[in-house]
Amino acid sequence: MGALNQTRVTEFVFLGLSNNWLLEILFLVAFSVTYVLTLLGNHLIIITVIFTPRLHTPMYFFLSNLSFIDICHSSVTVPKMLKDLLLERKTISFDNCIAQLFFLHLFACAEIFLLTIMAYDRYLAICTPLHYPNVMNMRVCVQLVFALWFGATVHSLVQIFLTIRLPYCGPNIIDSYFCDVPPVIKLACTDTYLTGMLIVSNSGTISLTCFLALVTSYMVILVSLRKQSAEGRQKALSTCSAHFMVVALFFGPCIFIYTRPDTSFSIDKVMSVFYTVVTPLLNPLIYTLRNEEVKSAMKQLRQRQIFFVKSYTS
């Protein structure tokens, strides 16, 4: 409580992405379009899965949950960033900064755990197809989703504890466009080496461990595909390649940022933009463009909508 009582900073000031107003206008247009497409694409996947009975399987149940997480994840940082691009002075209150930090790590960690679960689901479906219906039923899927949210909540609470226990009594300028643990704790009026190591042992270990588990599972899947038929091998490769593209695009920046304490590079902002703004849009694109079942279901849903509208207006 002593550290908390020393907190004097009431707001933080973001340096943002650039000091060039022309670049900020370009960022505003590009990121606004990206955010709108992210919302539309992920909502479309959720609606398609819900209203298409043949997609009521574990794989698409997890995919719809991934779309929900992507909507929430991008909404934590992007709307505030778009607003700040219109302002000369970009500020956030201390309480809102902590809230943003909490939800950022909540949804990011939930996505990490979900991608790991999805890899496990594909491993069971491809390597043990006969036992798959019994092992991965809907009850197990719900339990896994509950477990990932519980784990993500614990992780976020740890990040909050590591942050608010420090005294903030001096500088309040954050060289970023959102609140995250590494740039925020640098402003603390105390030595943060131990806190930085704890962050690495928490966020860094989770990211790296789950990534290695994912890579291992996909390697096992690739080896097992030699026993599959040509058609089964092609379908499995298409699904797994889409999954792995998402994994690489999301885990790369996370591992780069959270596995090194007390060190920052100019490229960190680019990496942050990639996993907070770009990746949530790429997920629906990758899964729809490379998945014939989802594309077919979307077409049928569209045809049903057109038929309903014509019947209603006639």
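Placed from the backbone N, Cα and C atoms, the Cβ positions cover glycine too.
Any TrEMBL annotation is an automated prediction that lacks curation.
Copied over from TrEMBL:
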type	residues	note
DOMAIN	41-287	domain 'G-protein coupled receptors family 1 profile'
TRANSMEM	25-52	transmembrane segment
TRANSMEM	59-78	transmembrane segment
TRANSMEM	98-120	transmembrane segment
TRANSMEM	140-162	transmembrane segment
TRANSMEM	206-225	transmembrane segment
TRANSMEM	237-258	transmembrane segment
TRANSMEM	270-289	transmembrane segment
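Long-range contacts of the transmembrane segment (206-225) within the same chain, counting only residues at least 6 positions beyond its ends with a Cβ under 8 Å from a Cβ of the stretch, are 109, 112-113, 115-116, 119-120, 122-123, 126-127, 155, 233, 236-237, 240, 243-244, 247, 251, 254-255, 258-259.
The stretch with the most CB contacts under 8 Å to the transmembrane segment (270-289), chosen from 25-52, 140-162, 237-258, is 237-258.
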